[in-house]
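In what follows, a structure is listed as structure tokens, so that the remarks can point back to it.
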Ligand SMILES: C[S@@+](CC[C@H](N)C(=O)[O-])C[C@H]1O[C@@H](n2cnc3c(N)ncnc32)[C@H](O)[C@@H]1O
Ligand SMILES: Nc1nc2[nH]cc(C(=O)O)c2c(=O)[nH]1
Ligand code: SF4
Ligand SMILES: [Mg+2]
């Protein structure tokens, strides 16, 4: 049977986080996440309720965040991107937690059609992506859902992007890097919810550790 992806949103914008900040990108946001980060900015993507399924057009044209989703095949997704006339050549697969499902058919089809792929993931599920897919791991420590960061995800990561608000988050990150023996992967600190204190802590810690700052540019610009 052809795999269908449960999609909460599909839109074109500027990548606002991490190494690709500033890059025009098409975002595919998958529904569903059990990790349950208390400060998650996309809580509407957590629940997968069958009664929340909507048509592809209703999903594409929604004007406010909602937990509705539409089931699309890879072919449907490519057709939608073409029909919308999007110009971006970079596709960000996010969620929710997109790594809960097999993303290889999606990556392969997108790459065949000339797109580059990027995955945004918590690293708590085995990654099923193409070899060329850029993997952004945002490791989650002690979240309510009880999921643990996988060694395979930490090792596969092309960048590690860590949301921070407290010194504890910095200590958690250092412990993770040591535990998984990560030395060369570029690390980004991302202040949680643009809070002033979180941003000051992120700047200080980036300078101390030679990490980079990621400030969720889209939120400062008021774009999606
Ligand atoms: C919404 S998550 C979806 C992908 C995946 N579940 C993950 O956590 O990486 C996308 C990115 O937003 C980050 N994020 C979520 N809520 C945030 C917040 N309030 N402030 C800063 N970053 C946040 C996540 O850590 C992750 O890097
Ligand atoms: N512009 C923009 N950049 C992003 N980078 C990661 C995002 C995400 O929600 O995964 C995101 C998002 O929601 N919007
Ligand atoms: S893993 Fe990602 S989507 Fe899930 S709760 Fe945490 S930040 Fe939100
Ligand atoms: Mg976001």
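Glycine residues also receive a Cβ, built from the backbone N, Cα and C atoms like all the rest.
According to DSSP, residue 16 (substrate binding site) sits in a coil region rather than a helix or strand. Residues annotated as substrate binding site in TrEMBL: 14, 15, 16, 29, 94.
Summarising the annotation, TrEMBL assigns domain 'Radical SAM core' to 20-224.
Classification of residue 37 ([4Fe-4S] cluster binding site) by DSSP places it in coil, neither helical nor stranded. The feature [4Fe-4S] cluster binding site is assigned by TrEMBL to 33, 37, 40.
For 39, 40, 41, 96, 138, 139, 140, the entry in TrEMBL reads S-adenosyl-L-methionine binding site. Secondary structure at residue 138 (S-adenosyl-L-methionine binding site), as computed by DSSP, is coil. Taking the Cβ of residue 138 (S-adenosyl-L-methionine binding site) as reference, residues of its chain lying under 8 Å away and at least six apart in sequence are, in sequence order, 120, 121, 122, 123, 160, 161, 162, 163, 190.
The Mg(2+) binding site annotation in TrEMBL covers 42. The secondary structure of residue 42 (Mg(2+) binding site), as reduced to three states from DSSP, is coil rather than helix or strand.
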Binding-site residues near ligand 1 among 16, 29, 39, 41, 94, 139 (Cβ under 6 Å): 39, 41, 94
Distance [Cα-Cα, Å, rounded] between residue 42 (Mg(2+) binding site) and residue 96 (S-adenosyl-L-methionine binding site): 7
Least buried by Cβ count (within 10 Å) of the binding-site residues 15, 42, 94: 42
